[in-house]
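As written in Swiss-Prot, here are the features:
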- 1-21: signal peptide (SIGNAL)
- HIS22, HIS69, ASP135: Cu(2+) binding site (BINDING)
- CYS43-CYS141: disulfide bond (DISULFID)
- ASN52: N-linked glycosylation site (CARBOHYD)
- ASN89: N-linked glycosylation site (CARBOHYD)
- CYS106-CYS158: disulfide bond (DISULFID)
- ASN115: N-linked glycosylation site (CARBOHYD)
- ASN124: N-linked glycosylation site (CARBOHYD)
- ASN149: N-linked glycosylation site (CARBOHYD)
- ASN160: N-linked glycosylation site (CARBOHYD)
- SER179: GPI-anchor amidated serine (LIPID)
Amino acid sequence: MYCQPKFFTLALLALVAGVNAHFQLQFPSPRGAFVEDNEPTFCDGYANPAANRTEFPLTGGFITLNSEHPLWTSGILLSTASDPTSFNNFSQITPYAQAHGEGLFCLPFDLSATNATGLQDGQNVTIQFVFNGGDGNLYQCADLTLSKNFTISSSITCSNASVSATATSTGAAATGSKSAALGTVPAFGVAGIVTALFGISLATVM
């Protein structure tokens, strides 16, 4: 079937944009400046912890990110090592979940609702956010100091680009290598991603 040049050009541009799409962790602050070419590697290419860690609450926290994919799967790994330098230093602490939507997303992240154990006030940890929009796993890390009394500043906005996102919860995935699989299971419905992945309802932060 004949394809008009204009339509073909637009279709090609859309395809290229999809292939090059990524995500950017907004809060907590990532380990270093976003480097698109390095995001498929450990901690977006940053092997060493940040000099200035982000204070983060043991309960009632959230994560904000910008998604450039219309359909994506995500999960969180955590390391309690003082200087985590490889995937082997991290353990999966949330199920993987799938969501629809591009733009800014606020994902409630209550550490007390994850399977992480032994976390304490004042402890230094690192989280690694795993994101897959269909073109392979992408990674960004954030180095944190945990606090039982800290409240995230109201200047850090917790809002979502879409409230019509659907989600699927997934079981545990392997975390020992960069090629950990991101599977799916039946859908939860509106705002299901934050309940399935991070342990509390989206309604508590909107």
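In case you wondered, yes, glycine gets a Cβ from its N, Cα and C as well.
Sequence features annotated in Swiss-Prot and their locations in the structure.
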{"residue": "HIS22", "record": "Cu(2+) binding site", "Cβ neighbours (10 Å)": "20"}
{"residue": "CYS43", "record": "disulfide bond", "Cβ neighbours (10 Å)": "26"}
{"residue": "HIS69", "record": "Cu(2+) binding site", "Cβ neighbours (10 Å)": "20"}
{"residue": "ASN89", "record": "N-linked glycosylation site", "Cβ neighbours (10 Å)": "17"}
{"residue": "CYS106", "record": "disulfide bond", "Cβ neighbours (10 Å)": "21"}
{"residue": "ASN115", "record": "N-linked glycosylation site", "Cβ neighbours (10 Å)": "12"}
{"residue": "ASN124", "record": "N-linked glycosylation site", "Cβ neighbours (10 Å)": "15"}
{"residue": "CYS141", "record": "disulfide bond", "Cβ neighbours (10 Å)": "25"}
{"residue": "CYS158", "record": "disulfide bond", "Cβ neighbours (10 Å)": "19"}
{"residue": "ASN160", "record": "N-linked glycosylation site", "Cβ neighbours (10 Å)": "20"}
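In this structure, the C-alpha atom of CYS106 (disulfide bond) lies 22 angstrom from that of ASP135 (Cu(2+) binding site). Checked against ASN160 (N-linked glycosylation site), the binding-site residues HIS22, HIS69, ASP135 differ in C-alpha distance, with HIS69 being the nearest. The binding-site residues shown are HIS22, HIS69, ASP135; of these, the one with its CA atom nearest the CA of CYS141 (disulfide bond) is HIS22. HIS69 (Cu(2+) binding site) sits 31 Å from ASN124 (N-linked glycosylation site), taking the CA atoms of both as reference points. Packing around ASN52 (N-linked glycosylation site) is summarised by its Cβ count: 8 other Cβ atoms lie within 10 angstroms of its Cβ, all protein chains included. Sequence-distant contacts (6 or more apart, same chain, Cβ under 8 Å) of ASN149 (N-linked glycosylation site) comprise ASP121.
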